[in-house]
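A.B. asks: Before I ask anything, let me first share the structure, which is written out below as structure tokens.
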Amino acid sequence: MQCLIIILALVGVSWQDSGFVGLVNQNFHEKLNSGLEQQILAYHNEELAFRAYASYFARSDVNLPGFKKLMKELQQKAYDNAIQITSYINDRGGRLRFPVVQLKDACNTIGRSLSAFEVIQPSTGTATRSQPHICNFLSVSHELDKNPKKKKDGSKRKVDVNQEPDVKREDWMAGLYGLEDALALEKSINEGLINLTEEAKKFKDPHAREHLEQIMESQVVLIKRLADLVTRLRQYKQDNDYALGEYLLDKQLDS
């Protein structure tokens, strides 16, 4: 009897050390919990990126209030989803940790996703852009990398050799770039949800799977909406009327 009590006590200590709430937790696998934590981090990175993009479109030398409004909407959605999954982990007696959120992480995700999810293809005529210019422009770390200073030991800081040559900002198609970057980011978020759904299935957690599928429903709708906007602007670009198309779409988004 004493041995049983000791074993139960040790199990309780183990659960406490892992950060799980033993009184609540049931059939909630640690790997699934970790995956949900990563999804929360992805949402926080996304939220920061859209906040930054909204500030960019509000600049006097950009002045696209409709695109700013859209980015603020996407920012709020990312925040709401992060809160929703945070609450879900607590409901399941899981563990929550909050790493540092940096804009450069979101920029890196966008850069990878632009090509990985075929947001930019040769047939669109925009294949020369493989980097999120707006995000990089807003990232402090990017500016430091462009002008590397010497370290204390006298050596230069590492510069990304894959970085594209600078493109004059006045030549940017800001509205289209913002939409393409948003679409790439949302597809990356959706991929995370798909993987988590498979994890929930693997660990036989129907409750988590159903919860994730509900989030995915709105994600699919959002991806379609952004893709439609991208297509509309690209059509104006092909007709050499990009400036007009951006103006009209901005007015529509601001209405």
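Going from the start of the chain as shown, residues are counted 1 onward.
Every residue, even glycine, has its Cβ placed from backbone N, Cα and C.
Below, the features straight out of TrEMBL:
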type	residues	note
BINDING	GLU186, GLN219	Fe cation binding site
DOMAIN	26-237	domain 'Ferritin-like diiron'
REGION	145-164	region 'Disordered'
SIGNAL	1-16	signal peptide
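So that I understand the layout, could you describe where these features sit and how close they are to other parts?
C.D. replies: Within 10 Å of the C-beta atom of GLN219 (Fe cation binding site) sit 20 other C-beta atoms, taking all shown protein chains into account.
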A.B. asks: Suppose you look only at the domain 'Ferritin-like diiron' (26-237); what would the mean pLDDT be?
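C.D. replies: PLDDT averaged over the stretch: 89.
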A.B. asks: Tell me the Cβ contacts of GLU186 (Fe cation binding site) under 8 Å, same chain only and six or more apart in sequence, or just say none.
C.D. replies: GLU46, LEU74, GLN219, LEU222, ILE223, LEU226
